[in-house]
């Protein structure tokens, strides 16, 4: 396995670790509605950071975006909005299925759809079937799916042992939302594929290869922001017991603390895709769609490890922890299989 591929896998791991940790600051926010908290974090992660970093990277910010016609930008934006819909459905999936089953089904579907639909759309799926490296990477995808399933099972055992139940368990509604979440969340993978002309244009301007994907985030995350912020603002305006005015009428120190914690959560959320771009840049071009598989499987891996570090499994018993450990090992094996496949 080449150093470039190894570093690509490593950066995807770092990005996934940030994704697994990003909600920790949000949990410390007090006396704010979820909608206000999510909006403040989202403004940082989907608007302020992408625009600021792109402005720092590009020699002429407006000229760069002005060179693309609508036929290039619109698919990137719409796939970003598609991914934003997946974000909203993610929370509802947890509500009706519980954390473990919800995460397992949603992540499993988005891993498969986001990874395999891209080569199918591009007409490159035969590379996966008819080449040794392609078959090995395809094997890695399915091994990762098995790993996700094992971690999901560990979570179910933990929830059963600790008496944790879904907020409003509804299997039919939850499964429908999980499938929708999995499909729509793959929009980020499709957006990255659609944004290749933007990456190439950034490279032509002399932007470092590690950073060429970052300017496209202005458009991708703009689509996600439209959906997420629109959803939050509508709820804040329509739902009787929600009020942004009340949220900002708290004691000044608490408001400042909530803003800083929400902003930190937004920063950590953004960093997952900052390092995703670094990892994506190191993956061989013919296998660039494998970035999504690496990110999502590492997200599950890191989520389990973070849970252990935060002692969320302390009272779960030995069996759930053993099953979790097995799932994490399987995901690590899957990443190595994919890496070897890309190198062959």
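Cβ atoms here come from the backbone N, Cα and C positions, even for glycine.
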With Swiss-Prot as the source, which of 4-24, 235-255 is set down as transmembrane segment? 4-24
Which sequence-distant residues neighbour the transmembrane segment (321-341)? Criterion: at least 6 residues beyond either end, Cβ under 8 Å. 1, 5-6, 9, 13, 132-141, 143-144, 146-155, 157-158, 287, 290, 293-294, 297-298, 300-301, 304-305, 307-308, 313
So, does the transmembrane segment (137-157) come close enough to the transmembrane segment (214-234) to give 3+ Cβ pairs below 8 Å, pairs being at least 6 apart in sequence? no
With the transmembrane segment (38-58) as the reference, find which of 4-24, 101-121, 137-157, 259-279, 290-310 contributes the most Cβ pairs under 8 Å. 259-279
Hey, does the transmembrane segment (4-24) touch the transmembrane segment (101-121), meaning at least 3 C-beta pairs closer than 8 angstroms, sequence gap 6 or more? no
